[in-house]
Structure formats: structure tokens, C-alpha cells
């Protein structure tokens, strides 16, 4: 589950990680009030207005701007709130901005130069251990750093039995070229950050940039935080942070009825049991000349009710020109699924306008084919995987 | 011969008396699998499905000599169940449970690393040696006895592959579902290695997905092994967009080297017979086995 910057920072701060402070605003008036309050609390003169959407590269799309006075705070907030922010990580239509974070200016002049670093905490799948990845090259696209100057990216793997050790935190601070107060600040920052990662059940922290201020403080200026969905049952305070407006509405609806659905751009909808078979079915649709409109795993219990719910979800996508149902019946009997398809089809009546190809394999597959073929409905049936692909090709050519 | 499980395996079910555990234990017993009992804390001393129930795994090891376990415990308690099995001396721990928090699996991976056991899964369909033992949730009738080993991250895609192999008049030695989570016990490489080293397995089918490095590691091991046994491979998710998780928590394209295309390229370079269409797995197996 992805969080907004302001929510991620809230979590970090609760574990003692120093953050660039800020207040969320939903309109220009709130923004001005927030700016005043922030000045009173932090002494900041300027303010940074940051669009709160689930996408990186916000600055590139004009979603992060500096305001040098309250009039600019108002103007910029008016501009950003309500806009469709397009960044390299959004679709061409962009993401609607519902709220902004009014943040303190942390790039103030002082005794030393400011310096930006990159830091993330994530799972190393190859070793099954968490690691801290960091770089002297902060504030820029880390993929580019990895491409052009891979020697400037460091990793530190954490032993789950001991957690982050003191010498590891010191190594990170040394590798980032720090000394004196900034060095000590960085070791504290890293220790708090790792603690936050573990205790929040996150599966991704990305802090870019981590800033060394001109008075040698170390702080998170941005925060990309993702919490492990499987752990939300024991992190209820974070589960409440889910912002459904940031997610695809069909996907949200599917999740509510227990279906695993991912919206895609194609024209052939699919309904499959099992994630691997669902991906393989999508691949087969592509090979048959179509484009998958979705990923949809109906899970192990594909009864009539679930089939109907899945139909409704798929048909919400106006681009769907055909639907391929691919169920490998094991514990679930194919004849039951076939009856479910027939019943759902009849129940939905006129809503069902697109051709449907049903491929049921496994327990009672032949019986299932008979049920489909004798139903009198415009449903094409197949038993073999390749047959299903050929039928998709035929239907798309019509 | 076969790998991991056979007719002599002494299998217990953890989460025996729960609804999932009960349902699948019944199916396994019906298949002829040697289920010697089960564990449900607090229900020790009872009998369930005609088998003894124990409070702890250690008790099951001591009283009925259990050496293999299948876990149906709910996600919040599954990591604990795995570690209990490892501590009790169970050699093969097959975890079906889906949805275990990643942080719990980090602990499990570290814990079992120092113990003499093998974890399969979690979030997997289990392991089947046709005609001998079904230790999982797969439909047994699909898997006929034969000489083809299967390794797969996905449940239904494993059934699909087995069905295609059987339709070619061939059969299966052992099919291993390794699971689709970011952290799993037995990797693709380890499962392929087991099957390559099994004298009865003449061909291995390796089915992967987008995300991670497991298939590339397995392919490189295969090349380095110099084995003459043919391996047929398929990677699901060619059409999956980057950055979106496709059902399995582990099925997400993170970088340029864990896309389906990149994995297939590496597998081909290592001498694996890769099919682009999931409908051609069975035919390819028939072809390479001559």
C-alpha cells in the first residue's frame, strides 16, 4: 500500500527520524493558514508547495514550487490543487491533485554548503534480508545514477538477528563523506530510519533527497513509503491512511469483493483462476493478436456468484471487445463454473454485449463444455489452451 | 525415484483441524498419501480424520516419526508454524498459506538457514509425486506417473503444464510448486537441481514469472552443471506492465533484467528450450525427449 509524502513523513517522525516539517492543505485558504502556522513554529520565511499524489517526478510536472511570500503561497496552491499532474510516472492524463503539503524551506544559507543524498530501505530478494541502499547523488533520478555512475551507489545488508549495527550506520555516514556534527546526525538518522522501516512493516522506503542542511542537520525532505499489504492486519493505524482516490476505481471495487484485478489498456478482458495462469493467459491473448484489458485472478473458489461479480468488473472497462474465461478446475469442478457462467450471463441480460470465450479444463471439463454448448447462449467453448487462443483470434477478426 | 516426497514420507498437517487443513487433508488421504497425524495447539490427544492430533510438532516427531509437514495455518501464525517445524526436526516443510507478512518471512529465512530442513513455499500449491504422495492442494488426477519433473511458481499453471505433458502420453516424476512470494524457501535453482539429479527424471519443465532473479540463477546453474537432461522453460508475464504487482507479491517487474523477455533470453543462452506460448509446453517436452 503506497502512502502520500506527508503520511510517510508522519510515520518517519513518529520513530524519531528528522523530517522537513509541513502541514497539509486542501485549498488556498488552508494553504495560507498553514504557511503562517509553519512560520510561527519553525521560523521559515519561504515555503515549498508540494502536490500530494502517488507518483514520483512531481517536480518535473510542476507539482513542487517555492513560494517566497503568502501571496505566492495562495497563487501557487490555487494553481496546483485541482490540476491534473502529469509526471514521468503517471499516465498521459495525469493524476488529479486533491491536496498539497506546505513545507518549510530547508535550503537556507548557513555555515556550510547544503548537500543532498539518496537513501532507500528495501528487501534484497536474493538473500531474504533487508538492505539500505544509499548514494552521494541525491535529488536526482536514481535509475540514472545506477546507469551512469553505479560506483556511487552503496548497499548495506542487515542481519535480521541483530538489526542495524552501530558500525554499519557509521560506515554509511563515512561513505557519504560526512564528518563532525553531520556525521553524528547521519548515524542517528540511519538508525531511526531502519527502526521505522521494521516497526511499520514497510516493504519500501525511498528518501530522495536526504538533506544535510547548512547547519549540519540531516533530514528527510521527501518520503516514499509503501506498507506491506499482508501486514496491514497488525498495522491498523496505517491501514487507515489508504487514499482510495489515488487508486483505480475498478481495482478498488474488485478488491472489495475479493477479486484480484489490475486494469490494463487492451481490448480483451480475461477471468482466470491463479496468478501465473492469469499472466500466461494475458500473454496468449497478445499472441492471438489482442491486447489484455486486465489481469483478473478469481482465486480458488470460482462459483457462480464470483463469476458474475468478475463479469461485472470486467465490463466496467468500455474498451473490452471480448472476454476470455480460462479456468483450470482442480478442487473447483468445471461443470459448476460452466453453470455459473451460464447463470451469470442470463442474469446480466443486456449488459452482456461482448463475445465470450470459455475455456474450462480439469475436473469435468467435457461436461462443462456440454453445458456451455447446450445453453443456447453466444458463448464459445474450448477445452485446450491453444483452442482458446484461436477462438480469441476468430472473435477479434469478426 | 522421485524427489522431496514419496510413499514412505511420514507427513503431518499443521493447522489440521481448521477448515482448509481438514478439507485438503481428506483429499490427500484419499489420494493415498501417508498422513500420520496433525498438529493443532490445544487439541492434542484428539483424533481427526482417523489420525492423531498433537499439540506440538515435536510431539508428532516423537510419537509418529513425522519427517514432512504441510502447513495450512493462517498467515498471522504461519511463520511461527514453519519455525516450530524446523526446530522439531522436520526435514521437508511445505507451506501452502498465502499472505504471510514479508517481515515474518525475513525472520523465517534466517531461522531455517541454520537448520537441517527444506522449506517449500509459502504461497504455493505443494509437491506431488504421482502415485505415491500428494502433499498439496493440486488436483491429483491431472498428474500421471512418468519421467518429467516440473518446477513452478504458480499453482494452476503447474496443473496446466502437467496436463499438457500427460496429453502427450508422458508423465510426471515430481511436480514442485515453489510459490510466488518475494521470499520463498526453495528456489527455482534448488528445485531444478533436485530434479536434474534424480535418476528417473529425464526432462525438467521450469515455469517462472516476471520479477526477481530465480529463473536466471537456475538457468546459469544448469549451464554450469553441464547436464545433458533437457529443460523446457516458460516465463509468464510478457504483457505485464512494469511496476504493477500481478497477483503474486513477487510478480513485479523492478528493473530491466527481471522482465519476461530478459529472463527468456538468459534461459535460451543457457541452453534451455524456451516456449513463448504457454500452450506449447507439452509439445516442446515431447519434442526434446524425442
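Along the chain as shown, residues are numbered 1 onward.
Cβ coordinates are placed from backbone N, Cα and C, and glycine is handled just like the others.
Per TrEMBL, the substrate site holds A:330, A:331, A:332; the candidate it also names there, chosen from A:260, A:267, A:273, A:374, is A:273. Each of the binding-site residues A:59, A:106, A:330 was checked for a CB under 8 angstroms from a CB of chain B; the ones meeting this are A:330. Most Cβ neighbours within 10 Å, among the binding-site residues A:57, A:330: A:330 holds that distinction in the structure as shown. Between the CA atoms of residue A:116 (ATP binding site) and residue A:208 (Mg(2+) binding site) there is a gap of 8 Å, rounded to the nearest whole number. In sequence order, A:5, A:22, A:58, A:63, A:64, A:100, A:101, A:103 are the residues near residue A:50 (ATP binding site), counting only same-chain partners six or more apart with C-beta under 8 A. Helix, strand and coil counts from DSSP across the domain 'ATP-citrate synthase/succinyl-CoA ligase C-terminal' (A:271-392) read 60 helix, 26 strand, 36 coil. Within 10 Å of the C-beta of residue A:332 (substrate binding site) we count 24 further C-beta atoms, all protein chains included. For the pair residue A:332 (substrate binding site) and residue A:57 (ATP binding site), the C-alpha distance works out to 45 angstrom.
Around the Cβ of residue A:59 (ATP binding site), a 10 Å sphere holds 14 further Cβ atoms from the protein chains shown.
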